[in-house]
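Some features that TrEMBL has for this protein:
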- 1-137: region 'Disordered' (REGION)
- 32-47: compositional bias 'Acidic residues' (COMPBIAS)
- 59-74: compositional bias 'Acidic residues' (COMPBIAS)
- 81-113: compositional bias 'Basic and acidic residues' (COMPBIAS)
- 114-123: compositional bias 'Acidic residues' (COMPBIAS)
Amino acid sequence: SAPANKAASKPKRTRKIPIGTSDYQAAWIPEGQEDEYEDEDEAEFEDPLGGNSKHEVTREEEEEEMADMDDDTSEQGQSSKEVRFMDLSDDVEKLQLEEYRANREQQRTSGAREDEEFPDEIDTPLHIPARERFARY
């Protein structure tokens, strides 16, 4: 077949795509947009004095910046991710734990009892009609 031979003989054009992009993902990038993506290490930044300079950051510098950021959050006091819980007395905690365990055991036994009584019934989601849910059976 002649068309297959023509396609095989054409050299593939190399495209510049973002690092970590799979072949499948690269196929979805429209032609002409590859130029927008540059290697992060090669990204050019404008120099405040007017010239262009390459900006390269080493891993050590990045780690130092992250350490500085961590120090800043600890100096400010609480971080926004920090959550505080109220400490309960041991008696209250034991009571809540016993209530939780009893409730969980009750749910487990009622579910087992229902399965014993109606073994061929199954709960179905309310948002899907049973006709569609069980169509494959």
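Indices start at 1 and increase along the chain as displayed.
Each Cβ is built from the backbone N, Cα and C atoms, and glycine gets one as well.
Long-range Cβ contacts of the compositional bias 'Acidic residues' (114-123) within its own chain (Cβ-Cβ under 8 Å, at least 6 residues beyond either end) are absent. Secondary structure of the compositional bias 'Basic and acidic residues' (81-113) per DSSP (helix as H, G, I; strand as E, B; remaining residues coil): 24 helix, 0 strand, 9 coil.
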